[in-house]
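Quick look at what TrEMBL lists:
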REGION    1-68  region 'Disordered'
DOMAIN    10-79  domain 'LSO1/LSO2'
COMPBIAS  30-40  compositional bias 'Low complexity'
COMPBIAS  44-68  compositional bias 'Basic and acidic residues'
REGION    91-111  region 'Disordered'
REGION    125-157  region 'Disordered'
DOMAIN    166-198  domain 'Coiled-coil'
Amino acid sequence: MAKKQGGMNTKVEGANAKNAAAKASKDAAKAAAAAAAKSAEWSKGADARGDRRRQEEVRKRAEAEAKKVEKQKLLALEEHALDEDKHVIRKQKKAVKEKPSAFAAGPSGGKLTQADMAALREAEEARTAAKPGRKAIKFDNNFQANKNRNQDEDSEARSLDAALDLLTLREDYPGLKLSQYKQKLSELWRRSPDNSLN
């Protein structure tokens with residue numbers, strides 16, 4: 001057979017040219033996007049990161065200052081409340097001193113009217129009443145002994161030394177090491193009828 005002529009297929013050449021042009025345009029678009037990203041990163045520079053750090057430090061300082069001011073404000077309010085409490089207590093003490101109680105007056109002293117006694121009771125209740133914003137503390141003196149605690153458990157039988165003796169164990173089992181004696185003692189103690197935990 002004779003050799004084919006060396007001509008190229010025009011359809012294949014056209015397809016190859018089209019593919020090469022598409023690839024070149026894609027590569028150019030990728031290169032342009034990468035260059036734009038790189039130039040944006042370089043335009044930021046180190047200053048942007050430093051600015052972020054500075055802004056964070058300023059924000060933290062402002063928060064700390066706000067907390068400090070709030071703490072001082074609360075402290076001033078507490079001191080003011082304590083001062084008010086002192087004034088109220090002083091006034092109540094003066095009122096109580098001015099009007100003697102029924103017990104202090106006695107049979108020979110002046111009598112108190114029902115209105116005076118009611119006023120004294122109200123003053124006492126106001127003095128002992130819970131302040132607004134504070135919790136009233138109630139003490140319950142009805143304590144009971146712990147029912148779960150058995151007094152027999154605290155007896156001498158509970159102690160290991162009272163139940164077993166190392167010297168008798170050494171006579172029974174000569175030649176053991178100290179750790180082996182201790183293991184033997186604990187084993188005997190667990191099985192012992194003197195052990196209150198059995």
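Don't overthink the numbers, they just go from 1 along the chain as shown.
Every residue, even glycine, has its Cβ placed from backbone N, Cα and C.
Confidence across the domain 'Coiled-coil' (166-198), taken as the mean pLDDT and rounded to a whole number, stands at 85.
For the domain 'Coiled-coil' (166-198), the DSSP-based tally of helix, strand and coil residues reads 21 helix, 0 strand, 12 coil.
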